[in-house]
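Feature annotations, reproduced from TrEMBL:
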- B:145-275: domain 'ABC transmembrane type-1' (DOMAIN)
- B:12-39: transmembrane segment (TRANSMEM)
- B:59-92: transmembrane segment (TRANSMEM)
- B:104-127: transmembrane segment (TRANSMEM)
- B:147-175: transmembrane segment (TRANSMEM)
- B:196-226: transmembrane segment (TRANSMEM)
- B:254-277: transmembrane segment (TRANSMEM)
Amino acid sequence: MILLRRLFFFAVGLFLALPLIVVAGVSINEKQTLAFPPQGFSLAWYGEIFLNDDWRNALFASLTLAALSAALALLVALPLAWFLWRRIAPWANIFQLLGIAPFTLPPVITALGLLTFWATSGFYGQPWTAVISHAIFFVTLPLVTLSLGFSAIDRSLVEAAATMGADDQTIFRTVVLPLILPYMVSGYAFAFVLSLNEYIVAYMTVGFTMETLPIKIFNALRYGYTPTMASVTVLFLVIAALVFGLIARFGDLPKLLGAMGEDR
Amino acid sequence: MRREPPQRFPDYGPLMFPAAMLVVFFVIPFATMIAVSFFERQQGGFYEPAFVFDNYGRFLSLFFGKVLAFSLFLAMAVAAACVTIGVPFTYLLSRSSRGTQIRWLVVLLSILSLSEVMIGFAWSTLLSRTAGITNLFAMLGLMDAQALTPSFGAVMTAMTYQALPYTVLVLYPALVRLDPTLTEAARTLGASPVRAFFTVIVPALRNTILATLIMVFIFALGSYLLPQLLGRPQHWTLSVLITDQAIYQSNMPFAAAMAVFLVLVSLSLVGLAVYAGRQKEAA
């Protein structure tokens, strides 16, 4: 049984790792060839991400977009999750549903909806429209982690503060905020990583005026191949693994994911 | 603090910003898209307000029927493959040590968040002639190096790759909570582990598995880049067609009509999944 399990885990692991191993191999080719096993060894293609203007701009665009949209998603999710926890207002659950909908439906739908909206309102192509679009698209993630964070708060703690005369604002700042901070961080991190990698919504909203890294890779793929695509893929994989590894190190990842599945 | 209904106007304060954002940037765009789906297309990619059903009428063509049938078939095949691998895998994972679980979860999350462009690129490299897996077989003398894309197998494999982490993460909460005494009882009564899995675990999870199948089906329905990067035009799905019509053919009304159709399909499936999930609680 244990052997069977090891074998099965190994097979799934191999399936998951194989394309990434080849990409990692390709990324260290010495010349601009698509060869595996790699011919020669060079880290130049990693340097290219930061030295080549096009790639650096795309990386910068992606990082800015991800940082801002994840922050906006958190700003939308926090008061909503707080209100739903603090008040009895069943009708307000509709907003929770609205927050989860874009993430559950096929992404092309949200993308097209936003495209028609920005085109109709005349803001099509402005970089900030991508920030709002991604924030709405990924608001699910902080919303779910925060709902979980609030439900974990012992209400008697807050009650005690209220009895001592603290108003809502003071309670929020001194009692609630410190308790849900870890959930805010993980919600932000989830939204950040997913925004970094998102293609279709970014492409449909600002695809013709701004290049994020996924858009840049897709555009470059049409004209042929460069190992920089491989090095960027490895870089993004490392960023994701680092972020999720940190969440696992300082938070309770199984619990976070357990709740996420429950909400779907 | 007791939960209480909002009484005075300021009590609604926290709700203002999120509600406004969601209504303005999700509900209104959604409504705009539905409206555009009834608009009339003009020459040169413009469209003007109207109320016509022409865009929906185009669904009745043979071409559209083929694309729709292929999309549904592909999503179903991917969902079936993912659940077949995902259920035993997640079951074994949920019975592993906490450390093992966390390591796998980090790996699965990292791959799940990886851009579809990058997954497509990785698979097209793995299946290419010069850097692909066939080189390995060639070295072993099994076959000549050759390109395995574009092909249906490539699309199917890459989509399974993309959806498998999602499948495991959807199944994970249900399997973690599964009562361990279930298998223990079966084992005490003399069933082999594999037999216990198929005769006790799978039936106990019937509704969870059904709900997961539907969720993965919707997830696969949303794949738009992999069929483009790894398949031939006949492997295009509804999602690809919507993007193509909206961006390259500049036919927004038709793209919007197809998107509305996709929403209806997805929503009815979500309803079904929720229903299947409820059944589980009742049982």
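Placement of Cβ uses the backbone N, Cα and C atoms for every residue, glycine included.
Counting Cβ pairs closer than 8 Å and at least 6 residues apart in sequence, the transmembrane segment (B:147-175) and the transmembrane segment (B:59-92) reach three or more and so form a contact.
Using a Cβ-Cβ cut-off under 8 Å and counting only residues 6 or more beyond its ends in the same chain, the transmembrane segment (B:196-226) has close neighbours at 71-72, 74-76, 78-80, 82-83, 86-88, 91, 116-117, 119-120, 123, 155, 158-159, 162-163, 166-167, 170-171, 174-175, 178, 182-183, 185-187, 237-240, 242-243, 262, 265-266, 269-270, 272-274, 276-277, 279-280, 283. Sequence-distant contacts of the transmembrane segment (B:104-127), counting only residues of its own chain at least 6 positions beyond either end whose CB sits under 8 Å from a CB of the stretch, comprise 93, 96, 133, 147-149, 154, 157-158, 161-162, 165-166, 168-169, 172, 223-226, 228-230. Applying DSSP to the domain 'ABC transmembrane type-1' (B:145-275) sorts its residues as follows: 105 helix, 0 strand, 26 coil.
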